[in-house]
Amino acid sequence: MSKILVFGHQNPDTDAIASSYAFDYLSQKAFGLDTEVVALGTPNEETAFALDYFGVEAPRVVESAKAQGSEQVILTDHNEFQQSIADIREVEVYGVVDHHRVANFETANPLYMRVEPVGSASSIVYRMFKENGIEVPKAIAGMLLSGLISDTLLLKSPTTHVSDHLVAEELAELAEVNLEDYGMALLKAGTNLASKSEVELIGIDAKTFELNGNAVRVAQVNTVDIAEVLERQEAIEAAIKDAMAAEGYSDFVLMITDIVNSNSEILAIGANMDKVEAAFNFTLDNNHAFLAGAVSRKKQVVPQLTESFGA
């Protein structure tokens, strides 16, 4: 029997890596499954900081499940097929642990599926450890905490669920870190954009959404200085246009998020800019506009785009 591969989404963020890493451990300890955690991309700088801090080896990167001899997969931090492994339609989805909308998803067989409207997939996995009476090792607690901090911007994002505060406190204690100090260090590690090329910058954290027949790419970068990112606008737009031509995106929306002041600048290019403007009730000026208080793609950008596109 081949191993069941456990992985997060393409262009993995910290929650994708952390939740899959922890769920792989839980699957073996609690459910007796023969699993292996892998990743659909290399860790970003924020995730690398967490991995190094807690002494965890990055999962190996794969592009195809069947190429690894696997016929079954478990998805964490995503469910939409266009965000998953290349041959997702050719293998059996054994299970899903996620905190996003469910869309573009169907299976031939019954599966284990747990989806909750909480701040991170890591939050769900942590509760599953408790429900099954499995002790959480320090390194796993640290990674789960990192996933939660990353996705909720240290519990400041509107996606933060009331239960996430207690989860963060408990994980910080298990990981033996100060929540605020470690959280800020983690987030700042992910804001070093100067060393990134424009192609890398628009792919750090990007997902594709099918909206009423349109392939809309929504990317996000975290920074402490929006103006510094906009200084590279011309080169960023060139990279976006190349990506649109190569991948067939109808529209590309880039969130440039200020993690200190909790605001974003939206840079958008594509065929449906009227729908983008209507979604956020703003007018793009030189392809960008300010979106006050917006820090969450999942709650403050994608639902609005979905409604505006009529998806």
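Even glycines carry a Cβ here, placed using N, Cα and C.
For reference, Swiss-Prot has these:
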BINDING   His9, Asp13, Asp77  Mn(2+) 1 binding site
BINDING   Asp15, Asp77, His99, Asp151  Mn(2+) 2 binding site
Please compare the binding-site residues His9, His99 by how many other CB atoms fall within 10 Å of each one's CB, and tell me which has the fewest.
-> His99
What Cα-Cα separation, expressed in whole Å, is found between His9 (Mn(2+) 1 binding site) and Asp15 (Mn(2+) 2 binding site)?
-> 10
Cα separation, Asp77 (Mn(2+) 1 binding site) to Asp15 (Mn(2+) 2 binding site) (Å, whole number) = 7
Starting from the Cβ centroid of Asp15, Asp77, His99, Asp151, which together make up the recorded Mn(2+) 2 site, report each further residue of the same chain whose Cβ lies within 8 Å of that point, ordered by sequence.
-> Asp13, Ala16, Ser19, Thr76, Asp98, His100, Gly119, Ser120, Ala121, Ser122, Ser123, Gly147
Counting other Cβ atoms within 10 Å of each Cβ, which of the binding-site residues Asp13, Asp77, Asp151 scores lowest?
-> Asp13
Determine, to the nearest whole angstrom, how far the Cα atom of Asp13 (Mn(2+) 1 binding site) is from the Cα atom of Asp151 (Mn(2+) 2 binding site).
-> 9
Looking only at Cβ atoms, how many others are within 10 Å of the one on Asp15 (Mn(2+) 2 binding site)?
-> 30
Spatial separation of Asp77 (Mn(2+) 1 binding site) from Asp151 (Mn(2+) 2 binding site) - C-alpha basis, Å = 10
How far is it from His99 (Mn(2+) 2 binding site) to Asp77 (Mn(2+) 1 binding site), counting Cα to Cα, in Å?
-> 6
May I ask you to report the DSSP-based helix, strand or coil state of Asp13 (Mn(2+) 1 binding site)?
-> coil
Not counting His9, Asp13, Asp77, residues with a CB within 8 A of the CB centroid of the Mn(2+) 1 site are Gly8, Asn11, Pro12, Asp15, Ala16, Ile17, Ser19, Thr76, His78, Gln83, Ala121
Secondary structure of Asp151 (Mn(2+) 2 binding site) (DSSP, helix/strand/coil) = helix
